[in-house]
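Novice: According to Swiss-Prot, the protein has these features:
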- 22-46: region 'Interaction with methionyl-tRNA synthetase MES1' (REGION)
- 52-61: region 'Interaction with glutamyl-tRNA synthetase GUS1' (REGION)
- 91-121: region 'Interaction with glutamyl-tRNA synthetase GUS1' (REGION)
- 133-206: region 'Disordered' (REGION)
- 146-180: compositional bias 'Basic and acidic residues' (COMPBIAS)
- 186-199: compositional bias 'Low complexity' (COMPBIAS)
- 205-307: domain 'tRNA-binding' (DOMAIN)
Amino acid sequence: MSDLVTKFESLIISKYPVSFTKEQSAQAAQWESVLKSGQIQPHLDQLNLVLRDNTFIVSTLYPTSTDVHVFEVALPLIKDLVASSKDVKSTYTTYRHILRWIDYMQNLLEVSSTDKLEINHDLDLPHEVIEKKKKAPAGGAADAAAKADEDVSKKAKKQDHPRGKPDEETLKKLREEAKAKKAAKKAANAKQQQEQQNKAPEKPKPSAIDFRVGFIQKAIKHPDADSLYVSTIDVGDEEGPRTVCSGLVKHFPLDAMQERYVVVVCNLKPVNMRGIKSTAMVLCGSNDDKVEFVEPPKDSKAGDKVFFEGFGDEAPMKQLNPKKKIWEHLQPHFTTNDGLEVIFKDEEEKDHPVRKLTNAKGESFKVASIANAQVR
């Protein structure tokens, strides 16, 4: 067993439960076969393509032993390619996704400075253009056949009509029909627009957001972004912990990010943050001077449901639609009261203008010292 594999197996991140799908198992077997053949260099383009669409090789949220085995062979190859290249920028452009992955893995595994690939993060690479597949005509062959029949029918009808210029009476009738159709269409459009304007938009409810207690198992600094931490957080998913990028470097030392309970927003759309896909967000309270974690009550467990009072029985959305701006509409109502409890404050709600963030036991969630905080 190599030193890198041994080092990986000593990390907490290697102990996460892994349950591969059939597709992921096939991917792992494919790369194992490539490694056994000793011919990984011809597969570098394929590896770069895989890492373009995934953070790690087997489409997981965190590295697996497959990443370590492939990394061990790919690192010296890429080092040689970069060192011998007459056009380093071109090499970086060609293998940009492998380089991002190598940078993360070598920092995770604490590769020695002699073996480490020194990556130029200031190199200005051209924008990557990804070709989109052309959509096939809807309906395929059936539509093509129907169109052919329609063309034949039109041709036959055309031949049935006598050739030559229509008389004036016919032209007048056609003009009147066209005018009437245009007026009817305009009236229908105006009616539809008026109905849409009169229809009040449905107000999103805070129950749409999937708040959960999370446990940060491990956090490291993002290899490509000085302001970001990359945390592995257990939020109770059967698939295992999530990878979460947080811009908290300026506010918390790395030690404060280890093995602690937090509140996590779990249904925002995943976002790529400097090459690493972030699949959730840590909830914090802040003012102009400082940032503080929203602290779960004592004896909380990873995966515990968190909600605002009155919405405990409602299920959150699977994923918030960014186009509908649900988070942007609700978040400004999140704040803290004088007792430092996180609340949802909406003065338009006459019956319940204030709702506390709570759990199934009715306990409060607080920040350490900031009243009237922005919570996000």
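Glycine is no exception: its Cβ is also placed from the backbone N, Cα and C atoms.
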Novice: What mean pLDDT does the predicted model reach across the region 'Interaction with glutamyl-tRNA synthetase GUS1' (91-121)?
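Specialist: So the average pLDDT across the region 'Interaction with glutamyl-tRNA synthetase GUS1' (91-121) works out to 91.
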Novice: Just to be sure I understand, if DSSP states are collapsed into helix, strand and coil, how many residues of the region 'Interaction with glutamyl-tRNA synthetase GUS1' (91-121) fall in each?
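Specialist: When I sort the residues of the region 'Interaction with glutamyl-tRNA synthetase GUS1' (91-121) into the three classes, I find 17 helix, 0 strand, 14 coil.
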Novice: So, by DSSP, how many helix, strand and coil residues make up the region 'Interaction with methionyl-tRNA synthetase MES1' (22-46)?
Specialist: 22 helix, 0 strand, 3 coil
Novice: So which residues does the region 'Interaction with glutamyl-tRNA synthetase GUS1' (52-61) touch in its own chain, when a touch means Cβ under 8 Å and the partner is 6 or more beyond its ends?
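Specialist: Counting only partners 6 or more residues beyond its ends, the region 'Interaction with glutamyl-tRNA synthetase GUS1' (52-61) has Cβ contacts under 8 Å with 18, 20, 23-24, 27-28, 31, 67, 70, 97, 101, 128, 130, 239-243, 275-277, 279.
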